[in-house]
């Protein structure tokens, strides 16, 4: 914990276990107590606006994702897609994120954070709007893929932007707190989103839900356009990207050769993966997202088989897990600022492992609930720790590529799950046709 010293600036270097050095500058006006309020007071007025735009827009986007979850099955049923169509529609954006994460990081490092965030939101909004207005599976798949591409580009830009912002000397000691608070907002969004989506779909139809989310994404893109660029702070910190610069970025994106872009991104990732810290981070992220996949797929089957829970009861369990995330993520972010990221990552991962093992082996309801809560705490704690650590070790010239590398573990897992479901459906169709 940093203590108040004399009135003039003082620099302190704290070396945490695992070779992570955090350099902080302290003045007589700095607060000694860690936490969100201290981080908020440490921000300048413009930085508070930037954090609000990034955090609220990120939460709104996740609300939008939650809204469309209950709308997609009904939309597919109305258009007569069947189980195979639902699998394809779920796989398309996940596959797009998996394929586009690599070049998205390179684009963020070359074009800038803000243009990529705005362009990504435009593509994501068009994809969501196209999904709501599509009339067939063949017309819906391309716009779903475009939406996933836009989401990958916007996520790469926003993560790099937040990394740049929390790299400033007076905010870097509170990076974990800031990222943890954002994680809590995202967890809250996943509680609110499906409820709103279910109500919109029930009363107004799936098309209305998708069009409403498209408008929400467009508003987030407009909010991103008001932010100052952070990639080269000396040149761009006082100017926001206007329409002209955005069109210039679009022309640059259209004229760039994809092979050169992919080669550049591949070289960046190759260089990053030579760093043992990046290798460890990649492995930890993979373990975290495998936990996400197991909680989404295996946990409902286990509860149904052992305790006979229905859809409503399983939904309540997921809400409990999200509520745990709302509380645990900010707390763990603050603790990581005080004790360091590395010492806390292993205990958080251990909680995930113990919770997952308990859910798999419990035959008593009380033990199952305790294991599930432990699992949720572990996941909620591990996510902001890994995000903060990824920002800490990201090379300054390749922030976009480094943050997209830390995100790459999510996309294959999501695509693998949806593609597995799709292949299962196709196998059932082929079996039924042949017998």
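Here, residue 1 is simply the first one shown, and the rest follow in order.
Even glycines carry a Cβ here, placed using N, Cα and C.
TrEMBL: automatically predicted annotations, no manual curation.
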- Note on the structure: Students should find that the transmembrane segment stretch in TrEMBL, chosen from 51-73, 235-257, 258-280, is 51-73
- Query: From 31-49, 164-182, 183-201, which range did TrEMBL mark with transmembrane segment?
  - Reply: 183-201
- Message: Using Cβ distances below 8 Å and needing 3 or more such pairs, separated by at least 6 in sequence, tell me whether the transmembrane segment (114-137) contacts the transmembrane segment (307-332).
- Response: no
- Message: I need to check the long-range neighbours of the transmembrane segment (307-332): which residues 6 or more away from its ends have a CB within less than 8 Å of a CB in the stretch?
- Response: 36, 176-177, 180-181, 183-184, 187-188, 190-191, 194, 295, 299-300, 344, 348, 365, 368, 372-373, 375-377, 379-381, 383-385
- Message: For the domain 'Major facilitator superfamily (MFS) profile' (50-435), report the average pLDDT of the model, please.
- Response: 79
- Are there residues at least 6 beyond the ends of the transmembrane segment (143-162) whose Cβ is under 8 Å from a Cβ of it, and what are they? 50, 54, 57-58, 61, 89, 92-97, 100-101, 104-105, 107-109, 113-117, 119-131, 134, 178-179, 182, 221, 224, 227, 230-231, 387, 391, 399-400, 403-404, 407, 411
